[in-house]
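Peer 1: Dropping the structure in here first, questions after.
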Amino acid sequence: MTMTKVGVLGARGKVGAAICEAVRAAEDMDLVAEVDQGDPLQMLTDRGAEVVVDFTHPDVVMSNLEFCVSHGIHAVVGTTGFTEERLGTLRGWLESSPGTGVLVAPNFAIGAILMMRFAVQAARYFPSAEIVELHHPNKADAPSGTAHRTAEMMGAARAEAGLGPSPDATSTELEGARGAEVDGIRVHSVRVTGLVAHQEVLLGSQGETLTIRHDSLDRTSFAPGVLLGVRAIAGAPGLTVGLDSFMDL
Ligand SMILES: NC(=O)C1=CN([C@@H]2O[C@H](COP(=O)(O)OP(=O)(O)OC[C@H]3O[C@@H](n4cnc5c(N)ncnc54)[C@H](OP(=O)(O)O)[C@@H]3O)[C@@H](O)[C@H]2O)C=CC1
Ligand SMILES: O=C(O)C1=N[C@H](C(=O)O)C[C@H](O)C1
């Protein structure tokens, strides 16, 4: 069996630790480098990492990826904060490193990917649509990368179907009471101790509502998707956004 040499960035973090455990348990992978804050990225090249998994912080992920791509190391990225501008920069780096693949996915939980897919399928049929994402209070960003991406994809589906803005007669409000707007969809971010990662997509039409909810109850929920990405990325040069590209949906 061919063994893939894997390095994990953010190895001592909440998700990184779960990924290290999953890579250690995978029969076809060797965990060669566990890198965290303060460790040199050189550990990845010194130890021959072929694929790097990044669960660090939006402020550092781009410099990590610049290092990986410039050294021809494939990357599977869970860290959030990817704007179109960042994706463009990444595409530019990848053009100078043909054969190298990077997967950026806002959520690696299989159920979350399906939740997003179902939400996009449903979006065209409901005049009202809002998203509530609920997370642990140590989360660095709001809204979550998952909610942001869901809203973008639902907004595109609504526009394609010719739907206008969600009906909303609110005229006076406290700032923030109606959440943030992403591509016409209101997104509400909740931070509560005890939660892990959860999202509800609420859709409404005359006389009916549809609620699509996903719950990550444990960070091991991200591991199977990450391992799938690690196995697929060497065969997918360039930039891939979303794990669904590697799933038979
Ligand atoms: N796509 C997905 O499925 C998921 C994505 N995420 C995202 O992953 C990211 C990490 O989440 P989480 O594990 O909860 O966060 P944590 O803060 O628990 O973990 C991040 C880890 O990265 C370390 N770190 C910071 N800077 C560097 C660096 N330059 N090099 C290496 N390590 C570094 C941190 O160290 P220190 O604490 O000392 O700063 C910490 O140990 C977030 O962006 C989150 O939104 C989370 C869950 C699922
Ligand atoms: O920070 C987290 O915890 C999570 N981050 C990702 C996001 O922002 O969407 C994925 C998941 O929601 C957990």
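Backbone N, Cα and C atoms are what each Cβ position is placed from, and that goes for glycine too.
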Peer 1: Of the candidates Asp30, Asp36, Asp39, Asp59, which one does TrEMBL list alongside Gly10, Ala11, Arg12, Gly13, Lys14, Val15, Gly78, Thr79, Thr80, Ala105, Pro106, Asn107, Phe108 as binding NAD(+)?
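Peer 2: Answer, per TrEMBL (NAD(+) site with Gly10, Ala11, Arg12, Gly13, Lys14, Val15, Gly78, Thr79, Thr80, Ala105, Pro106, Asn107, Phe108), from Asp30, Asp36, Asp39, Asp59: Asp36.
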Peer 1: Give the helix, strand or coil assignment DSSP yields for Lys139 (active site, proton donor).
Peer 2: coil
Peer 1: What whole-number Å value do you get for the CA-CA distance of Thr146 ((S)-2,3,4,5-tetrahydrodipicolinate binding site) and Arg12 (NAD(+) binding site)?
Peer 2: 23
Peer 1: Over the domain 'Dihydrodipicolinate reductase N-terminal' (5-108), what is the model's mean pLDDT?
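Peer 2: Over the domain 'Dihydrodipicolinate reductase N-terminal' (5-108), the predicted model scores a mean pLDDT of 98.
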